[in-house]
Amino acid sequence: MSNDKRRRASVGHLEAAFGVSLDPDLLQRALTHRSYAYENGGLPTNERLEFLGDSVLGVVITTALFHNHPDLPEGQLAKLRASVVNMRALADVARGLGPDGLGAYLLLGKGEETTGGRDKASILADTLEALLGAIYLQYGLDTAGIVIHRLFDPLMAESAGRGAALDWKTSLQELTAALGLGVPEYRIEGTGPDHLKTFTAWVVVAGNRYGGAEGRSKKEAEQRAAEAAWRTLADEDDQDDQAGRDGQAGANGRTGRDGSADRDEPVGPMERAERAAQTEQADHLAQAMPADVAAKQAAAEQAAAEQAPAEQAQANGARSTGGNGTRASVEPTGADATGAAGDRGTGLRRA
């Protein structure tokens, strides 16, 4: 059975996990990853719904934390929210939806399918937010809030139960682990007399320094530096994701949709780590190649490199002269107006 048929046959299980039924067009759009859209004529993707769902989720979780913890200061509430609304937490919730997890229902392009896209944390988290956005569009905030509480109340309770163990240093370490950036390292400087010292902390992540935050104790300074680093890295990861989407749309406008456009897409830290691993694997394979095969491949590459300039010069000459040696007339052409497919409307029925 094809992936599409399997999804249609079992989509009722996914809706049951949410406790609501969705308009079929809206549901399909929420499940459509950009890789599938680009390989199928520029269908609308789930990215706009994801943008909406992210805001709805944030409002519901923040409101719940505000009312559930009336004595907590803003900083601690922010830590609790960060422990609930993050890529890893959303992906874990998504994996628990339906009998086979949310990944079984995704509409993915061939490239994402073959590279394990159905279990990628970033794709699962984004799709869950898109589905929450779809529920909000069809039913409004009250119903969306009921669904979010149904899915996230256990996680909020778990986060609250961690109490003092929940801090910015822990949150930063979880984020850097998810992004493949290693373990944060802290640098502390103290100034002033012993009885009135002020400490300044920086945190180093993957060779980059963040923070410069001050505190009356080393712990306070480190916490503030960790918060600054967490916010900066989270913003950078969001910007990398958006740049990837914009670059992908531009690539399809220039080259057409042949299913291979994802190759040149700007990527975030997690995907850069995956590609680095693939490059390392390719290097190992190259080292294991028999010497005679490697020599032949190197010779072929050298020959191709030497031939390219001559072919380019010949092509330039052909463009500048006609077949009889006279300069050919070249009519100017219009710019390529294909572009990436825009939002062609949802085609949704009103609830």
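Placed from the backbone N, Cα and C atoms, the Cβ positions cover glycine too.
Nobody curates TrEMBL annotations by hand; they come from automatic prediction.
Under the heading domain 'RNase III', TrEMBL lists 20-140.
Summarising the annotation, TrEMBL assigns Mg(2+) binding site to Glu50, Asp126, Glu129. DSSP assigns Asp126 (Mg(2+) binding site) to a helix in the three-state reduction.
Residues or ranges marked as active site in TrEMBL: Asp54 (among others). Neighbour count (other Cβ atoms within 10 Å of the Cβ, all protein chains): 20 for Asp54 (active site). Annotation note: Asp54 (active site) sits in a helical segment as assigned by DSSP.
There are 26 other CB atoms within 10 A of the CB of Glu129 (Mg(2+) binding site), with all protein chains counted. If you look up TrEMBL, you'll see Glu129 (among others) marked as active site.
Positions annotated as domain 'DRBM' by TrEMBL: 167-235.
Under the heading region 'Disordered', TrEMBL lists 213-351.
With the fewest other C-beta atoms within 10 Å around its C-beta, Glu50 stands out among the binding-site residues Glu50, Asp126. Each residue contributes its Cα atom, and for Glu129 (Mg(2+) binding site) and Asp54 (active site) those atoms are 5 Å apart.
Asp54 (active site) sits 8 Å from Asp126 (Mg(2+) binding site), counting Cα to Cα.
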